[in-house]
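Under the heading Zn(2+) binding site, TrEMBL lists His12, His126. Annotated Ca(2+) binding site per TrEMBL: Leu14, in sequence order. The protein binding site feature in TrEMBL is assigned to Tyr81, Arg142. Per TrEMBL, disulfide bond is recorded for Cys62-Cys82.
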Amino acid sequence: MTTGSSVFYMPHGLTIDHEDNYWLTDVALHQVFKFDLKHSATEPMLALGQRFEPGNDMDHFCKPTSVAVLKNGDFFVADGYCNGRIVKYSPDGQPLLTWGRNSFILTRNFNLPPGPVPESFFAIPHALTMVPNRGLLCVADREQGLR
């Protein structure tokens, strides 16, 4: 079986969630895809971002690299190469929150006061993983180290 041979241009990151969905990022397409291989190996259940259109609004990515998924289906995308941010989405792909460059802290969980995020908060957030029993999202930043 060939999965995504006509879907991807430069696939980069792969995550398998707790429901065995496959999440893939493509840094050339500037997109994130969710696949349920039991349903279709060639048609994504969800596709976010605009094909070959980088950007920094909530409808665009610029070289997304990683996805981490919560048990409730919410998920995070590392959009670090150009945007220096993490974006949180609902299970159906609606943006819920963003933080990093040009963002605002909405909670005190980062040990920072509410307000603009310091420019040094993220440089290139690249890899994400969850620590589910602690409710933690771990971010590996290619320039700043672990956060």
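Note that Cβ sites are derived from N, Cα and C of the backbone, with glycine treated the same way.
Mapped onto this structure are the features recorded in TrEMBL.
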residue: His12; record: Zn(2+) binding site; contacts (Cβ under 8 Å, 6+ apart): Leu24, Thr25, Asp26, Val27, Lys63, Pro64, Thr65
residue: Leu14; record: Ca(2+) binding site; contacts (Cβ under 8 Å, 6+ apart): Tyr22, Trp23, Leu24
residue: Cys62; record: disulfide bond; contacts (Cβ under 8 Å, 6+ apart): His30, Pro54, Gly55, Asn56, Asp79, Tyr81, Cys82, Asn83
residue: His126; record: Zn(2+) binding site; contacts (Cβ under 8 Å, 6+ apart): Thr65, Ser66, Ala78, Gly80, Ala140, Asp141, Arg142
Would you count the other C-beta atoms found within 10 angstroms of the C-beta of Tyr81 (protein binding site) for me?
19
